[in-house]
């Protein structure tokens, strides 16, 4: 018996010892020394400043201990994960198989040193600020199956060497700056199951080699610039479950082979053309079907309502007609807005569901007692008109008791009061949290209609407002702490308005992309803005317009109200990033809205009441003196007011809400226009520095009494400047029209003019980054004048003295005294020449032909002066060089183009940016106007978004040397600067452009409504 017990004891001892040894081996397994050293190199390339590998083995902690910089902002979305296989060398050695460093704002490059982790299977580096491209060295990693580098600053072409990544099953490069065509070699990655190329700058047609990718299950190629039709070979991807093509650039029709894909769960296609008939989709398991703004016509096929798994159906902004009925189990989200659907929707059963349903902009009929559901959007859904066109009978009061002339809304926020020099303005609250995917909320004189859900965020509880706790700068920061947003379409409409002309101000600030998280700067929110059904802003990007996040930008437009309603629509056309700072962040966003009748100068200002006690005047003689004095005062005041009212009528005629300063205010601000405060001479007269009582520093332009311009030109300048708000235009605060004085009040620019910064005796030391920023800023300002403002405008005198610099060296264009409205129907205006020799385009100076291309020429000269630090008005280079531009052309031919770069930079400049700026300057100063780019194209060239067209030298009569010489002759021998041109204005009609708008937010349904109403009323 004892032998048996002893045997059992020995057996259990051996088993226990074995288990202890295994545990000991596992506990002492550690990362291979080579890979430990490799991590240090990888961290350096990624831009990690300090990496702690001493305290704990990475495979044990399953993370990298990174010591962040001081300004690092903690982020709950950070994913810092290391995956290891510790089965090597009898479970004592670990090898890294997975590396995830996501949402960390790393600023380095993709590390080729990852090849020193030979067992690596997965690379995840999303949401950083990494630059460069995908290293071809990674192809050596035999086990690599997944590359995810979304939301970075990677650029260039996708490398053709991708074919060497033979085992790759997932490639995700969404949200970068990749450009060029997709390489044919991508079709060799036949193991791919996931391919995400969205939100880049890819161009060209999709190569036919992609037909080989038969294992693909999900594809995202949205928000690119592809060309051609949707390829039929997508039908080869028989395992495909998710296909997202919105705003890709591809056009219809949808090939039959694609329609027959049976495993499709999600099909998203939007904002394109060529898809006229509804596809007969084979997949019965569809969960998401988006065919938005693609040109569909005819009725909605009945099989759609029988797809039991369908959760999201978006058929908005097409030409679908017919009746919607027989719907038993509708999808959770249905968007039918902007079609021609008709019938009595109340009898169809659709409204009895719990779905979110958008019926806006259709031709449905409603009873007078129609019920408004909290999840049903009925705005503009009926052809039954009432006194407020387009709203269902139950949606508005029978009659407007009072007509309003102004409205202020704090979008997404509480009631806010702001103060300006005239008094207090109150912005109404818009903080209702009842907004949903298909809602129409209505208040006393306005309403807001919302369409769409953020499908990418995988959440059933979307929020349609946002806010920030950060301290904001700029004027009236309280207006920008909140904002309302939408996933597709956001409409603000005002009703019971007095008819007439209105000034509409739209306030924007990007508060969802924070500069504190570096990767968030890469976010691009792009949407379109329509006012009264007309496209006002296409591809509007708040960040780009404001030159950064958390900066305000105001867009103004003049609109006409004829039916007591005004409508503002913001629409997402599928462009921009959708995954920064996280999935589901896209679509329009707006902070505040203000609209004011042109004959309402106070625009809702609440006047402060002053109570004045008048002393009792005793005695008849005292009363008589008082009466006489009053009579004289009234007479004098009448003369003054008559003159002042005339000027104010001129201002009102232009629909302005300019702040009027008193003479006493400006006299006090400038210390009685003390010469010590004189800044210089402007286009009309002297300019003085001043300080208002609230501490605001201003620049006051005192118009010369000898100026030939006078009141009309004064009003003209106010008319053009006051309606323009842009970060790169000098802001006009207001004016003064007292005591026969005409004064303009501008923001004060601390660093004076660009001319002084470049050529002055005490010139600023502008480094290359400042010069690049200044040049791009000028370009953006001109782009706005030409194409971004409500009225297109030619400046006519762009030069370095008319570019001012603020404290942060932001460039702002000044002196619009020479500007002329550029009517959209005129190709050129021949008028008196007014400008500066050395900056004027040849066709303008010699023949008086004025187009935007004259400003483009002047900008090219200024750009060359910025890069060179030299003035174009002085001879440069050798004796054969007539001008700075001519010298640059000579250097380009000899291959010494960088010799023109300012030596003050001492070689410290970005060579590629310098070459780009020089080439842009040269193409802008082409002697032929037709060969110059537009300012919009020039901006994209400067930012590297498009190629720079080759400069064509012209030895003929328009040649640069001949033109400059002739201009100097004119400057010497002519004082009138008219070049023999009369001041008669001659016009030539502009040729029409392609008529089809891809984003018809007023589709035929709305046009037909208007036509029917107008025709019936004329009978």
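Just so it is clear, glycine is given a Cβ too, placed from its N, Cα and C backbone atoms.
Taken from Swiss-Prot, the feature signal peptide covers 1-19, and the record attributes it to sequence analysis.
The annotation repeat 'LRR 1' is assigned in Swiss-Prot to 93-117. Mapped onto DSSP helix, strand and coil, the repeat 'LRR 1' (93-117) counts 5 helix, 11 strand, 9 coil.
Under 8 Å from some Cβ of the repeat 'LRR 2' (118-141) lie the Cβ atoms of residues 46-47, 77, 79, 83, 85, 95-112, 147-159, 161-162, 164-165, 172-173, 178, 518-519, 521-522, 579-581, all in the same chain and six or more residues away from its ends. Look at Swiss-Prot and you will find 118-141 tagged as repeat 'LRR 2'.
When averaged over the repeat 'LRR 4' (166-189), pLDDT in the model lands at 96. Annotation source Swiss-Prot lists repeat 'LRR 4' at 166-189.
The repeat 'LRR 5' feature in Swiss-Prot is assigned to 190-212.
Only residues 6 or more beyond the boundaries of the repeat 'LRR 6' (214-236), in the same chain, are considered here, and those with a CB under 8 A from a CB of the stretch are 169, 174, 190-206, 208, 242-258, 260-261, 268, 274, 574-578. Sequence annotations record features per position, and here Swiss-Prot assigns repeat 'LRR 6' to 214-236.
Among the features that Swiss-Prot reports, repeat 'LRR 7' is placed at 237-261.
According to Swiss-Prot, the feature repeat 'LRR 8' maps to 263-283. With a threshold of 8 Å between CB atoms, the same-chain residues lying at least 6 positions outside the repeat 'LRR 8' (263-283) that come near it are 222, 229, 238-254, 289-298, 300-301, 303, 320, 573-574, 996, 998-999.
Annotated repeat 'LRR 9' per Swiss-Prot: 284-307, in sequence order. Non-local neighbours of the repeat 'LRR 9' (284-307) in the same chain are 246, 252, 262-278, 313-324, 326-331, 335, 338, 341, 455, 488, 573, 998-1000; each lies 6+ residues outside the stretch with a CB under 8 Å from one of its CB atoms.
The DSSP breakdown of the repeat 'LRR 10' (308-330) into helical (H, G, I), extended (E, B) and coil residues amounts to 0 helix, 8 strand, 15 coil. Here Swiss-Prot flags 308-330 as repeat 'LRR 10'.
Residues or ranges marked as repeat 'LRR 11' by Swiss-Prot: 332-351.
Here Swiss-Prot flags 352-374 as repeat 'LRR 12'.
What Swiss-Prot records for 375-398 is repeat 'LRR 13'.
Around the Cβ of residue 681 (ATP binding site), 11 further Cβ atoms fall within 10 Å across all displayed protein chains. The ATP binding site feature in Swiss-Prot is assigned to 679, 680, 681, 682, 683, 684, 685, 686, 687, 701; the stated evidence is sequence analysis.
Using a 10 Å radius centred on the Cβ of residue 746 (phosphotyrosine) and all shown protein chains, the other Cβ atoms total 21. Swiss-Prot lists 746 (among others) with the feature phosphotyrosine, giving similarity to another entry as the kind of evidence.
Annotation source Swiss-Prot lists active site, proton acceptor at 797.
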| request: Could you tell me what the rest of the chain brings near the repeat 'LRR 5' (190-212), counting residues at least six beyond its ends with Cβ under 8 Å? | output: 145, 150, 166-184, 218-228, 231, 233, 236, 239, 244, 250, 524, 576-579, 945
| Is any of the recorded positions 679, 681, 687, 746, 836, 844 within 10 Å of residue 797 (active site, proton acceptor) (Cα-Cα), and if so, which, in sequence order? | 836
| said: Using a 10 Å radius around each Cβ and all protein chains in view, which of these recorded positions has the most neighbours: 679, 836? | reply: 836
| request: Do me a favour and check the Cα-Cα span between residue 679 (ATP binding site) and residue 746 (phosphotyrosine); whole Å is fine. | output: 13
| Same chain, outside the repeat 'LRR 1' (93-117) by at least 6, Cβ under 8 Å from its Cβ: which residues? | 29-32, 34-35, 37-38, 41-42, 44-48, 57-59, 64, 66, 72, 75, 77-86, 123-135, 137-138, 140-141, 143, 149, 154, 517-519, 581
| query | What is the separation, in Å, between the Cα atoms of residue 844 (phosphotyrosine) and residue 687 (ATP binding site)? | reply | 29
| query | To the nearest whole angstrom, what is the C-alpha distance linking residue 836 (phosphothreonine) and residue 681 (ATP binding site)? | reply | 15
| When the Cα of residue 746 (phosphotyrosine) is compared with the Cα of each of the binding-site residues 681, 685, 687, which one is closest? | 687
| said: Highest Cβ count within 10 Å among the recorded positions 685, 687, 797, 844: which residue is it? | reply: 844
